[in-house]
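Undergrad: I am attaching a structure below and will ask some questions about it afterwards.
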Amino acid sequence: MGYVPRFSIHTDFGGEEHTGEVSSLAVGYGVHQAWIFATLFSCSSIFGLEAASGGLWSSPLFISSIISNLATLFAFGFFDFRLLRFVVNKKTCLLAAAIESVGTLLVLLCGLDMCPAPLLVPAGVCTGVGSAVFIIFWGTAFARKDVLTIAVNTSLGAGLSALVYAFLLLLVPFPLSGLFVTALPWLECILVWKNTPQPYTERRMLPIFVTLPVNRARFAIMFALPMLLFGFSLGFVRERSVRYLFVHFDVATQLVATLGAGFAAVAAVLVCLKLMQSDRVDDLVRPLLPISAVAIGLLSATSFLDVWVAGVVILTGHFVLESALWMVMAVFAQKYRLSPVMVFGVGRGSIALGSLGSVFIMHQLYADGSISLFGGAEMVVICLVCLIAGLAMLPHEHDIRRAIKTVSSQNNQVVEEINKKFRSAAEAEGPDCENAVATGVSDCQSGQEADRSSDQRKGLFRKKCECVANQYLLSARENEVLFYLARGFNAAYLQEKLYISEGTAKTHIRHIYAKTNVHSQQELMRMVNDMQV
């Protein structure tokens, strides 16, 4: 039996101790980002393809990949709960790994002149679709964690992506580098499998995320606009840094710049998190965006800096911006109990669309090749404006409140979808299990008699807890704690039932008391019992 070391980081938010665990989430996120960098932005070095003369806009692989990627992500965001069985099924990640690996292998075969160049289009479609599915899986896995764990693993993942990318680009010769990249989706699949729980239908439980019933169209619009602007800036700085810096610098400078930027990005995120001591979304992003703004500004003002210093700063700004946007989506889904499928589908789809727009604008402005490595003052100004406007347009708590639906129809749809799959099996076992399934009770033993009226009261109590959680915007974990706390259980019981530490349980209890403006467990119990549903 093997043992996996676990690390944790402690910090204080307003005098309360929080613990963030370093887990395989960081490895999975880093591997996926490294695969994106290697496949889409360094295919000439890693896969031996001829560089497109017109930049990324002239690359059939990049265009087909990003279009299929954003189309798949928007489809996830639109259908959301209707794709619930597909999203919670572990076998889906096997399909995604196979599609992504086949697409990557086609790129390698084209680089080896073993396949005709037109096959780069279906290769791009495969890589785009597979990447989108993995993004939904990783987003859902991150959204299950607390804010500090999300921030820590995202920052470490950014540093790891720099390390893996530098290794593949600088130390592994062609075509072995292409084979390594082709194998990365399967490593990612193993990590996704580890971080995806058994489907709720098989465990006969309600989902972890009883999501906040928001108007999806309204939320999608107010969330997509800032992500679109951020994506425009990200597309520019990523294309400049990842694609051109490695082409123009020697190997030693590339290695120093990449590793230095990776470590600097990790340090920047963790230091800003410690200084702000807040779990609000805008507080997490606001100190990080100036780092990216400085990096974007240096793209047209590097004559006063040494080349390798400029490379470190620019790459750091790119990694920090990538991390900040990922944290925004994960924290939104976790803090406000929003569907991670919808948040990451709309968010990452909008970022991909913004990146595609920036590549198109660069192609139109600099079609004659006039833009240099450190150039493009017009694009720099546009990107800085996009950063400022995107931060100003990020949804706040009052925006989320305005988007809440008064009737929890989507929550009922989720519960019905979860119970539908095993209702027939439960009916075969007897009326006892049937009553338990209808009310969302997970344990159902054949020798135990179920009281229908008691089950109905439990279902009504759960709905009252959901109404309280929706009204006061409790997070996903706080909703679970509320359910047991309002039934009279203490912190020790919460530790055992939810597998959390005593400090974490007490922290959640304090947050619930603060958000609901109560001062004792008895007041909270009365509030839940008096809630009208």
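Backbone N, Cα and C atoms are what each Cβ position is placed from, and that goes for glycine too.
Just so you know, TrEMBL annotations are computer predictions that nobody has curated.
Annotation comment: TrEMBL describes 61-81, 93-114, 120-143, 150-172, 178-196, 217-236, 256-276, 288-305, 311-333, 345-365, 371-394 as transmembrane segment. Residues or ranges marked as domain 'HTH luxR-type' in TrEMBL: 467-532.
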Undergrad: When you scan the chain for residues with a C-beta under 8 Å from the transmembrane segment (178-196), skipping those not six or more beyond its ends, what do you find?
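TA: Contacts of the transmembrane segment (178-196) (Cβ under 8 Å, skipping residues fewer than 6 from its ends): 23-25, 27-28, 31-32, 34-35, 38-39, 46-48, 88, 90, 93-94, 96-98, 100-101, 104-105, 107-108, 111, 130, 134, 137-138, 140-141, 168, 172.
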Undergrad: Same chain only, please: residues at least 6 beyond the ends of the transmembrane segment (150-172) with a C-beta under 8 Å from a C-beta of the stretch. Say none if there are none.
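TA: Counting only partners 6 or more residues beyond its ends, the transmembrane segment (150-172) has Cβ contacts under 8 Å with 9, 20-23, 25-34, 37-38, 42, 45-46, 142-143, 180-181, 242, 246, 251, 254-255, 258-259, 261-263, 265-266, 268-270, 273, 284, 315, 319-320, 322-323, 326-327, 330-331, 334.
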Undergrad: So which residues does the transmembrane segment (217-236) touch in its own chain, when a touch means Cβ under 8 Å and the partner is 6 or more beyond its ends?
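TA: Long-range Cβ neighbours of the transmembrane segment (217-236): 77, 292, 296, 318, 321-322, 325, 332, 338, 342-343, 346-359, 362, 376, 379, 382-384, 386-387, 389-391, 393-395, 399-400, 402-403.
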Undergrad: Thinking of Cβ pairs under 8 Å, which stretch from 61-81, 120-143, 311-333 has the most of them with the transmembrane segment (345-365)?
TA: 61-81
Undergrad: Please compute the mean pLDDT of the model over the domain 'HTH luxR-type' (467-532).
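TA: When the pLDDT values over the domain 'HTH luxR-type' (467-532) are averaged, the result is 79.
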